[in-house]
Amino acid sequence: QVDAVRVYVNSNSENLQYPVLFVVRQQKGVLSWQVPLIFRGLYQRTYNYQEVSRTLCPSEPTPETGPSEQIIFVDVASMAPFNIAYELLVTRLENFQLETNKAFNFTASPSQPQYFLYKFPQDVDSVIIKVVSDAVYPCSVVSVQDIVCPVYDLDHNVEFNGVYQSMTKQAAITVQRKDFPGEQFFVVFVIKPEDYACGGSVPSAVHGNVNRTWNLQRTKNLQVTIVPSIKKSVYVQAMFFSFLSFLSFYLGSVVVAFVHYIRVQRKASAGRLSPEDGSGIMTSSHPITASTPEGSSYGAIDESSSSGGRQLSSPERGLPAGSDTDSSVEEESDFDTMPEIESDKNVIRTKVFLYLSDLSRKDRRIVSKKYKIYFWNIITIAVFYALPVIQLVITYQTVVNVTGNQDICYYNFLCAHPLGVLSAFNNILSNVGHMLLGFLFLLIVLRRDILHRRAMEMKDVYTLDYGIPKHFGLFYAMGIALMMEGVLSACYHVCPNYSNFQFDTSFMYMIAGLCMLKLYQTRHPDINASAYSAYASFAVVICLAVLGVVFGKNDMWFWVIFSMIHVLASLALSTQIYYMGRFKIDLGIFRRAAMVLYTDCIQQCSRPMYMDRMVLLIVGNLVNWSFAIFGLVYRPRDFASYILGIFICNLLLYLAFYIIMKLRSSEKLLPIPLFCIVATAVVWAAALYFFFQTLSSWEETPAESREKNRPCILLGFFDDHDVWHFLSAAALFFSFLVLLTLDDDLDAVRRDKIPVF
């Protein structure tokens with residue numbers, strides 16, 4: 001048993017010029033302090049205490065000598081020219097050593113800190129120190145220090161040694177046996193003289209003279225419990241669970257592909273293949289009759305018609321349909337900048353009833369190359385973004401490990417399982433789903449791309465006039481974005497805090513934006529945004545997100561400017577969508593839009609030419625204006641989630657509109673996309689439930705954030721946010737499959753019969 005002695009002193013002296021000095025000399029060290037004991041706070045405020053109680057560094061009996069007496073010298077001195085009364089009390093601590101799974105209650109104050117000893121049991125390699133209090137304030141600090149004298153147990157030196165974190169009502173520190181060669185440590189509890197470090201207010205006025213009432217005002221009742229942490233076998237189980245759960249998606253994809261292959265082979269053996277196999281891949285020739293209606297060849301790349309009716313050169317006529325041969329003359333500008341083409345586009349795209357053939361008139365190879373730029377650009381962005389991010393979070397983790405300051409990172413400390421140098425390995429492991437499912441989606445898209453190319457090589461060029469144009473560049477970009485979301489979310493959770501929050505959200509914005517672009521591209525392949533303008537827009541959004549976090553908490557001017565930008569951007573984009581890209585976006589767009597509004601709605605009220613588009617845009621603008629008003633009035637603190645909410649609501653609105661219009665146009669949903677839609681809705685609902693279970697918040701102080709910490713809920717290893725990672729990865733994967741398979745029913749339909757909406 002370890003013996004510990006506590007010294008209590010009290011003096012009624014109020015003269016700070018002549019304090020009473022106490023020096024305690026022991027065999028292994030010297031401890032000294034003065035009474036009144038002075039603590040310094042923010043802005044040079046001082047807090048004086050007449051009652052001081054300190055625990056002396058304990059002596060542990062050795063096996064050779066056994067229990068022995070301690071000789072302690074207490075020296076009391078003062079330079080005062082008059083007598084000063086003081087009280088000195090030395091007591092032996094009965095409950096100095098903490099026991100496993102046994103709660104211990106005690107009281108501490110700034111001038112009366114406490115610390116206790118804990119020894120690892122033989123079969124325990126890791127423990128969690130759980131500290132709770134019924135009162136939020138006063139602010140306190142919990143520290144874990146090695147068995148070294150002196151013990152740093154005052155506000156001004158508690159951060160000099162060991163691992164520490166601030167606390168209001170709850171704290172938790174995971175301690176591993178390997179970090180303490182002696183297999184024991186001190187748990188130190190210090191009460192701070194002020195509460196600003198824990199989010200409390202600073203006293204408006206504190207007098208410089210002695211204030212005896214501080215002795216009573218700053219006491220805090222605490223309860224500490226040390227419980228064993230998880231064993232190594234739980235780490236292995238969690239890793240197996242994480243990988244096997246998502247590898248089952250690979251197995252399911254193989255089964256679906258095999259069933260599809262068997263079905264195609266049976267149709268082939270029966271000699272009754274349709275132009276399409278129902279999965280977006282053309283599998284047999286389609287006879288082209290001589291009685292093709294005039295005008296139905298829009299989108300067909302043949303000898304007589306290309307983009308805008310331009311003749312293809314003779315070498316081009318012999319090329320296979322799937323060829324993507326580069327040519328210096330095959331540039332989009334060759335087809336877009338000719339005056340007659342511009343005139344033709346104005347005529348075509350302003351028709352009342354548009355069909356897909358009207359908006360898929362450009363050369364397929366040129367458009368495919370345009371959309372492949374999305375893929376190559378996002379790879380470039382990912383590399384340049386990820387490398388400095390990885391370097392930065394490694395630095396953060398190193399700083400945490402070296403300094404022991406656990407207030408730097410906002411973990412869920414009640415479920416933070418370390419591994420190696422990582423403090424919360426479970427939060428990183430749970431992101432493996434994004435990477436595995438993103439890679440699986442790339443494989444699915446690659447399979448479709450390869451089968452489509454093979455089908456094109458086997459087909460007559462006239463058959464290109466069927467189904468939705470197959471451009472896979474955006475799908476590849478979505479797969480890369482999903483994988484990068486997993487990588488950057490894992491990087492963020494290495495040390496989540498105010499400085500690196502955008503690592504976790506940047507690719508979320510890009511995923512939502514790419515999904516909207518893909519949905520729009522499906523029936524508007526010729527007029528979708530270029531990769532450069534799309535990624536530039538994402539960059540602007542990320543900049544606004546950073547500015548919102550910095551200025552959005554209290555600055556009204558930021559919310560006014562942001563709301564104006566939001567509303568004006570919604571109007572400009574609505575105008576562009578309504579007029580199918582024929583309303584140029586420049587500085588004069590609002591003047592022209594106002595003129596059209598005055599002419600068509602005020603001067604001569606008439607029914608909108610494109611009613612369906614108008615309904616969508618009105619609803620969309622109402623939603624976005626509501627977001628702008630909500631932000632202006634309530635100014636939500638989590639600006640990053642606010643921006644993400646805008647993206648997600650717009651995406652869901654557009655997807656719902658698309659599906660409604662598809663069904664309204666007598667199109668059907670095949671079993672696979674229908675299953676994916678249901679799975680998406682169910683998994684997203686479950687994922688959002690866990691997302692809103694807030695376990696920490698870098699918008700608050702570290703101590704306030706720890707009040708939200710909760711124990712693990714899955715396998716004793718994963719918390720609510722980890723489950724969100726698992727489910728959101730699956731939900732995004734199913735969402736991507738919805739976009740990939742939604743229009744498979746149209747593969748045997750001519751493009752001049754497919755409506756645009």
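Every residue gets a Cβ built from N, Cα and C, even glycine.
Whatever TrEMBL says is automated annotation, not expert-curated.
As annotated by TrEMBL, compositional bias 'Polar residues' applies to 281-295. TrEMBL lists 304-314 with the feature compositional bias 'Low complexity'. Annotation source TrEMBL lists compositional bias 'Acidic residues' at 327-336. Here TrEMBL flags 272-336 as region 'Disordered'. Taken from TrEMBL, the feature transmembrane segment covers 238-262, 374-394, 428-446, 474-495, 501-520, 532-551, 557-581, 614-633, 639-660, 672-692, 723-742.
With respect to Cβ pairs under 8 Å, the transmembrane segment (501-520) is most closely packed against 639-660, considering the stretches 532-551, 557-581, 639-660, 723-742. If you look at the transmembrane segment (614-633), the same-chain residues 6 or more away from its ends with a CB under 8 A from one of its CBs are 559-560, 562-563, 566-567, 570-571, 574, 577-578, 608, 642, 645-646, 649-650, 653-654, 657. Remark: the transmembrane segment (428-446) makes no contact with the transmembrane segment (639-660), by the rule of 3 or more CB pairs under 8 A. Taking pairs at least six residues apart, the transmembrane segment (532-551) and the transmembrane segment (639-660) share three or more Cβ pairs below 8 Å and count as touching. Beyond its flanks by at least six residues, the transmembrane segment (639-660) meets 501-502, 505, 508-509, 512-513, 515-516, 519-520, 522, 541, 544-545, 548-549, 552, 566, 616, 619-620, 623-624, 627, 631, 669, 677, 738, 742, 757 of its own chain at Cβ-Cβ distances under 8 Å. Through the fold, the transmembrane segment (723-742) approaches residues 242, 245-246, 249, 279-280, 427, 430-431, 433-434, 436-438, 440-441, 444-445, 448, 475, 478-479, 482, 485-486, 489, 511, 515, 518-519, 522, 655, 658-659, 662, 669-670, 672-673, 676-677, 679-680, 683-684, 686-687, 690-691, 693, 713-714 of its own chain, all at least 6 residues removed from its boundaries and within a Cβ separation under 8 Å.
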